[in-house]
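Residues or ranges marked as transmembrane segment by TrEMBL: B:9-30, B:99-120, B:132-155, B:186-205, B:241-266, B:286-312. According to TrEMBL, the feature domain 'ABC transmembrane type-1' maps to B:95-305.
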Amino acid sequence: MNKKGVVKSILALATVVMVQGTVGPSVSANKLPLEYSSHKKQVKGGTLHVGLASGGGFKGIFAPPLRIDGPTSEVAQFGEYSLFSINDDYTYAKGGLADVTFDQKQKTATVKIKKSTRWSDGHPVEAKDIAYTYEVIANPATNSGDYDDRSRDVVGMEEYHEGKADNISGVEVKDEKTCVIHFKEMKPEMKFPGSGYVLGEVMPYHYLKDVPFDKLASSDKIQKTPLFYGPFKIKNMVKGESIEWVPNKYYGGKKPNLSKIVVEVVDPGHAAAALKANKYDVLLEQSPSIYNKVKKLPQYVVLGKKAKYYSYVGFKVGHFKNGVNVMDRKTPVQDRALRQAMGYALNMDQISKKFGYGLKYRANTIVPDAFGKYNDHKLKGYPLDLKKANRLLDKAGYKMQKNGYRTLPNGKPFTLKLLAAMSSDNAGNRNAVEVYLQQWKKIGVKVELKGGRLQEFNSYIEQLTNDGEGYDVYLSNWNVSSAPTSSLAETYLPNNPYNLSHFVTKENTKLIKSLSSKEAFNTDYQIKQFYKWQAYMNKEAYIIPRQFQYDTYTFSKKLTNVTLDTKKGATLWEDIAFTK
Amino acid sequence: MWKTILRRVLLMIPELIALSILIFLLAKLMPGDPFTGMVTPETSPQAVEALRIKAGVYDPWYVQYWHWVVRMFHGDLGMSYQFKTSVGSLILSRMGNTIWLSLLTLILSYSLSIPLGLLAGRYENTKLDKGIMIYTFVAYAIPSFVFYMLGVWFFGYKLKLFPTSGSVSVDATGTFGYLLSRLDHMILPACLQAVLSVTAVVQYLRSEVIDNKNQDYVKTARAKGVPEKTIFTRHIFRNSLLPIAAFLGYSITGLLGGSIFIEQIFNYPGMGLLFMDSILNRDYSVITALVLLYGTLTLIGSLLSDIILSLVDPRVRIG
């Protein structure tokens, strides 16, 4: 649905992987290989040619808090590393470029940067860099999109944003390498680097201090000659097209095996042809249709990892009024039986197989199973069951007419309108939507596309987020970027404008709040509450889960030490090597 | 003539004002805004809303228009929301790429179409003429993006003769190496574009040549014993060039427009790609600046065409 979400989730690919052991029987284990190692001997050096399939070039803003485009994050991943290592269950691990410890009583996080962590100009990464990055986020002149509820949880952030303070009182530079961050309130999800409370990517204060905040994003120091503390640094760049990365000799981790990485943007239309011609050793980010064309190429291996993504069918039952969602819309989909029946009518297994080329599969809840144990694998969700769907409708009084459509329980005929967007994989998308309409027809529910067509992306988003009228059902999806935190569920709170169905119940609010309550610091309790919430969401059926999917990268078989696994994957670009 | 030119230039001012208002209104009518793409479960809606208010998205259009005009007269076309850089420098950085590619395309296109048009006209209704006609019809009918894709696949990936993406190689060294790499990256897209863009010129030239063949001056030349070749290359050719000359003004301004298809397929960062990118991302400041630029170019193009025509054909006078 969004670019930044996509960016983050794909970025996470290199650093995060699900916990294999915790996945239960009904939710499938990772079907695609996660790792590839060649039996041939690895060699030092070599130039890695990397392709990024993208319809436009990268914008080239090499500062995560200031960036809004996805491709830049992709091409920057060789230098933009996280300061922290990560465990299999997504929590902080020791042994990164910096370590963090939390103090529940003091409500603080203490970040200790390793001595060996340096910028690519040789200057050490310092505590001041962390403080500076918080200032960049909070300063209104930078227009950072990262200034959100979480960053406001840092003491003094709001005062600084409003110009009442010269610095952020809650970010304390203790010594050159130690930074203490004070929070207003501790949250259970702080233990995950992905939650974003403690910044994992920082900006170089010594290098940028002379650049005014309002000129930061457009400055040459960010756009042309940025510094990195990851294994590679930029040697040459043709903006929007390609970047030549060479090893950063000041990198605090292992010395990279490669002597050069050249990353280049390639039009998705000929990405598969480029691989067939052996033009690239790695292809980042690929749509299911590209995957379908490259998966059988003998010289490549496609690695895949479950994405933090879910798609769903939503029912618009209300409006967003004066900052709160109210369920005040007169629509047949206020009836739970109708919503459930429409869920059971969908043949998501077949649709996934046909249009997802094996990269998509039916979702059982709206918590992506990429989150491992946080997804309640015992829940079945909405598998195809036309009999059950018909039974539900019969029982609720929707009478079948001779024309094959049902009437409302009050005897009136009805037609539902569906809002759906065009996508980059348009043909597949359109066909899938046609199948949905046919499936609903099979149970006698007449659903038509709003305006008779799929909507242009911006127009679609505008209608969804600005409370557009004229539709009862919508198709949508979310990329959930962070770790399994309450933010996934908080979208469905009464005061959240992104609660696009506008459904609000006391029970739902209570369950969501419990996910970030004090008790939820206990992971077992939090998971239990997550299960309760998923079961509740499935039962109420305001949001019917459709699909989860895989993120895939394609690697040449000339390479070795290739992995998307959590720990190993975090250091992918220094480990990866050519073979003899 | 100078008076006329001045009058035409002055007339452009109200035309441009009307155009700019129209563009501004239309851009605002498009659903979505530069922040629409920022919707994620993690982005705080309030933060996005604050950005919207700051960017003036909610101001009435005439207020936004006025701010824009005032800034423009200070040489400031605004900031691109996407590229976080000034629109002026963004467009300038893309313009060079587009001009070079278009210039090469134009040269190739004319050097292909003029001989073809002349030959088709001279050997009317022969197999050669028919062959050329079939080629021009096919070139006209074939969807350009399909042809470009085939070209990339065949020359780029199959034969590996040319680079398939970008405007210059990232590791090109030295001025000469850099220029060579630029040229190398332009040849394939320019050739593919040129091959498709011959139809109009060939057809015009052909029918002009056929018309001129039976003119009195040609008969006179023949009667005087001027060799046939000279008649075609000197007498008929010069007279047949008139409509082509009229095209030239538009072609020159077209140099700056760029081609969305070719730039997208080759990921060649020119004006066409920038235009499409800015529309998809609702980068208003870039859209308005570009459309206004295109509008101005069209007006100048039509004036140029008139001037060129009057220069090559003294019988035509503008006024």
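Residue numbers in this text run from 1 along the chain shown.
Just so you know, glycine gets a Cβ as well, placed from its N, Cα and C.
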Chain residues outside the transmembrane segment (B:286-312) and at least six past its termini with a C-beta under 8 angstroms from it: 1, 5, 8-9, 12, 15-16, 19-20, 23-24, 27, 68, 77-78, 80, 82-83, 87-88, 90-91, 241-242, 245-250, 252-254, 256-257, 271, 274-275, 278-279, 318
The transmembrane segment (B:186-205) in contact with the transmembrane segment (B:99-120), cutoff 8 A, at least 3 CB pairs, sep 6+: yes
Long-range Cβ neighbours of the transmembrane segment (B:241-266) (under 8 Å; 6 or more residues past either end): 94-95, 98-99, 101-103, 106, 114, 144-145, 148-149, 152, 164-166, 185, 188-189, 192-193, 200-201, 204-205, 208, 272-276, 293-294, 297-298, 300-309, 312-313
Non-local residues, at least 6 beyond the ends, that sit with Cβ under 8 Å of the transmembrane segment (B:99-120): 128-129, 132-133, 135-136, 182, 186-187, 189-191, 193-195, 197-198, 201-206, 209, 232, 237, 240, 244, 251, 254-258, 262, 268, 270
